[in-house]
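Dropping a structure here in structure tokens format, bear with me for questions.
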């Protein structure tokens, strides 16, 4: 599953979603941090671990193993008017130990009758159904003991097609003629198959599935497998009975069915798999890009894994109401419309790239996750981290012009470092028990840190041995379940390297190291002193029991910045490395390619020697980005002054690379948000204008011949940044182009719409907002609606901010998109942040009920409160969630409170210095 992401837009990180309620008892711990000129004492969450003590974990027991399924025969008859469904389950089961009860998972389902028929024996009717609603289980009680052996379990049941975007639910859409209708669709990961039928809803309890759907004859019915029979339903001639082929052995969370109205485009991959992309009616053309990506991707993965795709077909389908980004159901992959549909005229470059990545991610799961499945949710990271890494490998294969690996560093690697530096992070491998705990680990640690450590591992092993180990793993565990250790064993055998020992330090303990580096010149040799310690967002610690990592360290020099001169495995707190033949005037760089998952602190002299490589571009783009990002995080942690980072940022004035600018832009956005709490916010806007004006002038507004994908991304980024910061010429041109766009004289290109919309709204009034809402209503494409929704919050007037917040909960906005409208308000201004937080508190019941504890609730909280920078706000947020429980977001709440205190400390520590520096920049030279 991919959850929906965006840039690091607030004072911390997000990624799509993506434990138990915090109770604050201990007093804040006073910490001392070193700033550039002075020491500041502040109340920190340096030990948010003591501040936010975790409550008792809910008791949880996995299902008993005395009865297990072999095959599910499942018939479902949804009612698309009354939003209910009837179901009949006939499961072939094995009884391994005599018992008079069968325990299964079941939630929001009413069982009408249940019976057990032993092979060759008499039917035994269940005498009672004991529902354990808290644990989402049901116990079927029988009057006599079910003996060892095979049998058939029969259950008739009814359920509701809910509106919570999980289980078997309804999804609202509008027909081309304007009529509102509903599709019936599924989302089962992690623990929601039990809302569609009683089942053994654990990833390790695999079985085959024979699915039959009874549906209106004018609707499309899809499931994991191909249709083998379609015939009229005898009781009602307006219905048909659609039977699907038997699935391979698989986990319940990967089962899917969709009933609705769709068009499709179809192709065949070079290895003979039928690929279809299902779109809303009348929009088949918008499925062509995803179809092209999917047909290239399947053979790529087949070759990479050296294992064929095991099903006869794969369908990719766009679902109107969908909580995540996409879901990898075997053979029937479901997507948000914006993660699948591309309009050749009205889709921007970033949307095309997003679709390519999401298709690559979900199709990777068809092998890694579906063919071989994690044994339990503790190993979720293996599924998601791996898919989040290989999606980039796949897109790099299909679209080398995207320079996608550089983008990985900004989109995933730095996001994971930011989150994992918190005291309230968690290890990659999390001990998961109760279903309410599972949603919490769909976050940037499982996905982005997971992907980053796999990228580091791939680099450490080398591609050939990595592929050999992957192939062995998939063949050994196909149609079975595996744990993290099983993968390490296969990779260890393929490479001969100590994979388990190295990787356990990255997956079983929280956090990552900062590598501290100094150097001396000895003749023609350069001697490096390298040490490691845990990096903390709140600054250095002097813990006695500081953890160590086994760190693959690569080193390059200015002689050839793209070539690794030496590799070592740092497996102790410190070491000395001797590099031969390095001239005294050459620089040495640690972690070329920014592959190792750690921060670096260079000595002053080493840093000084590297900085010219930013101006003259001799450092690779990914290393220019990494250097700046490390310095920014060191400033936030109080280890260097923020002024030093601003000076380094000014060196990027000649920067041509989109991703480097994107990361710089994100960090300046964080700083701008922080300084919105001061009276010199306008000074940082001037700094942003000065930094971005030269590249803005160079790019201009219109694309030039020979430009490509990255130029389009860069132009949109730069113009949006200049417009938001109030650059006069950009604002005037944006207003002119917006007027022509609205009047239909000159339609804005898709790549210019976001920056133009943002700019006119940021400096707009009620007329601007009215016009924008009208554009939203007229938009036929979800991408355009989302584009507008994300920037509406930029409107400055308090009464208009309130209108936008009310709009977020209106029928005009799809349920999953409410979060980005509220988040857009919170991320746009100090007033917006306050208004959004008040709005969330005032409407908490409706919002919590709407998202039912899924990862969207975590995302909403993070986007709303992460930008505060006043100590008392942490207490207010904590207090609110103590009385308004959000079990799936407890860790998120703790992380947000920690971030608020870190922001407040940063502001106290560096605000005066930043202000002085910004004033001094403006002062005329004496």
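Positions of Cβ are set from backbone N, Cα and C atoms, glycine also.
According to TrEMBL, the record shows the following:
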type	residues	note
ACT_SITE	362	active site, proton acceptor
BINDING	361, 365, 384	Zn(2+) binding site
DOMAIN	69-254	domain 'Aminopeptidase N-like N-terminal'
DOMAIN	289-506	domain 'Peptidase M1 membrane alanine aminopeptidase'
DOMAIN	587-900	domain 'ERAP1-like C-terminal'
SITE	447	site 'Transition state stabilizer'
Which residues, in sequence order, are found in the same chain with Cβ within 8 Å of the centroid defined by the Cβ atoms of 361, 365, 384 at the Zn(2+) site, excluding those residues themselves?
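Apart from the listed residues, the neighbours are 1, 2, 328, 362, 364, 368, 369, 383, 386, 387, 388, 391.
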Among all protein chains shown, how many Cβ atoms are found within 10 Å of the Cβ of residue 384 (Zn(2+) binding site), not counting that one?
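26, counting other Cβ atoms within 10 Å of residue 384 (Zn(2+) binding site).
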If you measure from the Cα of residue 447 (site 'Transition state stabilizer'), which of the recorded positions 361, 362, 365 is the nearest?
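Going through 361, 362, 365 one by one, the Cα closest to that of residue 447 (site 'Transition state stabilizer') is 361.
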Using all protein chains in view, find how many other C-beta atoms are within 10 Å of the C-beta of residue 365 (Zn(2+) binding site).
26
Quick one: mean pLDDT on the domain 'ERAP1-like C-terminal' (587-900)?
95
Counting across all protein chains present, how many other Cβ atoms fall within 10 Å of the Cβ of residue 362 (active site, proton acceptor)?
29
Under 8 Å Cβ to Cβ from residue 361 (Zn(2+) binding site), same chain, six or more residues apart: give me those in sequence order, or none if nothing qualifies.
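When sequence neighbours closer than 6 are ignored, residue 361 (Zn(2+) binding site) has 2, 326, 328, 387, 388, 390, 391 within Cβ distance under 8 Å.
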Around residue 447 (site 'Transition state stabilizer'), how many other CB atoms lie within 10 A of its CB?
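Result for residue 447 (site 'Transition state stabilizer'): 31 neighbouring Cβ atoms inside 10 Å.
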Could you state the whole-number distance in Å separating the C-alpha atoms of residue 384 (Zn(2+) binding site) and the residue listed as 'active site, proton acceptor'?
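Checking the Cα atoms of residue 384 (Zn(2+) binding site) and the residue listed as 'active site, proton acceptor' gives a distance of 10 Å.
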